[in-house]
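Down below is the structure, laid out as structure tokens.
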Amino acid sequence: MRLTPNYDYEVSSIDKKKRGYIVQIIGPVLDVAFSPGMMPSIYNALVVQGRHKQEPNVTCEVQQLLGNNRVRAVAMSDTDGLMRGMEVIDTGTPISVPVGGSTLGRIFNVLGEPVDQLGPVETNQLSPIHRSAPPFLKLDTRLSIFETGIKVVDLLAPYRRGGKVGLFGGAGVGKTVLIMELINNIAKAYGGVSVFGGVGERTREGNDLYMEMKESGVINQQKLAESKVALVYGQMNEPPGARMRVGLTALTMAEYFRDVNRQDVLLFIDNIFRFVQAGSEVSALLGRMPSAVGYQPTLSTEMGSLQERITSTKEGSITSIQAVYVPADDLTDPAPATTFAHLDATTVLSRSLAAKGIYPAVDPLDSTSMMLQPQIVGEQHYKTAQRVKQTLQRYKELQDIIAILGLDELSDDDRLTVARARKIERFLSQPFFVAEIFTGSPGKYVSLAETIRGCTLILSGEFDDLPEQAFYLVGTIDEVNAKAMLEEEKNFTK
């Protein structure tokens, strides 16, 4: 049952609800019998009440109506201790989670329950996690750039406002720091907020992210209301039902900020592959015939129902950045292939750039965006981006020759290309606000116009006489001159 938004939703009293009992338990799947005429709807939340006050209630979601007044439901938490005959209550609505400003700075599970030991969430506003995508008339179809203040992203692989971005990065290449910087920048530039959905991620990674966000100020421990992000986690150790629905919980919280607060929202999903994987587990448990490579036959439908809700409306936007795991590096695998159909841009983090100390380690040649078209970004932006890519591509082609024969064996034109490419490579690095406490360098937010101006000047040869180190970890091109002069003064005084 898909509901339209109702943010004044109230839970009816227990006495008025339909009651049934468990007739079968197979792992995280329960079969529940109800009286004739009292059957719950698909996606309704069922609650199995613990026998003692010490035992937690188990919430399940109706997935199938089996006939003979029975339903099949998937549990959102462990089913240890449950037994046949236990009473089950139909809540009458889908799983509903808290929404609004009180969710900022907090960590939630799939049911919207806080798990950070900071007490209950002070809000009466609840919203069901199953909702329809915004109607056509409410959509904002304009193609507009979502400026992030990160030079390499805005210039070479710009994000679309209300679009979806695939973030490809292994361990230790700066994925977490890039995520935190995007959260910080959207809060400052747009007055927006972010929601992070940890879908099937490691508990340690989720804890590390929370601690780093507190250290960098993205989460304000003293004044939680001033935090810029809400966190929703469904870890690897949780049942497949929780991992399958935690993405919808995060999205529901993001939709409130878009529809009611009229804000630009950044939604992170890590990892979208685990959303598909959990759906595959649930599908097998429900007895559905598997499709290609063992995935669920409803893969495209499940992915579409999530992705179509991530969009721009006339009130605000949800821009989504999704980490994508590619099984065995096979891009034709149904899980990543289905995801790619929804992506507007890809941001690829490079281990070789990270090894050089160039952060953010975004690969300028592998990262792509459908927004990088002259009719969308303008002629100047498009031509500058293409010239930058051509210069970096030529440098990449020459690297083998340089490694074998050295720079001296190159032609004058190629040597000039290499020098400018190395300067551009370093200019596309920049200090981050969230890394200030580690690096000691103040963070920089660089506008797109300044990035284009800087790259144009480097390519035109205006800075051929400056050392390439002057371009490393600066903001605008004006800082390059200042840094070069400072280095010159230091060398002179020595």
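Note that Cβ sites are derived from N, Cα and C of the backbone, with glycine treated the same way.
Small disclaimer: the values here were computed from a predicted structure and weren't measured.
Listed in Swiss-Prot:
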BINDING   Gly169, Gly170, Ala171, Gly172, Val173, Gly174, Lys175, Thr176  ATP binding site
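In sequence order, Leu349, Ala354, Ala361 are the residues of the same chain, not among Gly169, Gly170, Ala171, Gly172, Val173, Gly174, Lys175, Thr176, whose CB sits within 8 A of the CB centroid for the ATP site. Comparing Cβ neighbour counts within 10 Å across the binding-site residues Gly169, Gly172, Gly174, the minimum falls on Gly172.
With every protein chain in view, the residue among the binding-site residues Ala171, Val173 whose Cβ has the most Cβ partners within 10 Å turns out to be Val173. Under DSSP, Val173 (ATP binding site) is assigned to coil, being neither helix nor strand in the three-state scheme. Under 8 Å, Cβ to Cβ, and six or more positions away along its own chain, Gly170 (ATP binding site) finds Leu349, Arg351. Around Thr176 (ATP binding site), the same-chain residues six or more apart in sequence whose CB sits under 8 Å from its CB are Asp208, Leu209, Glu212, listed in sequence order.
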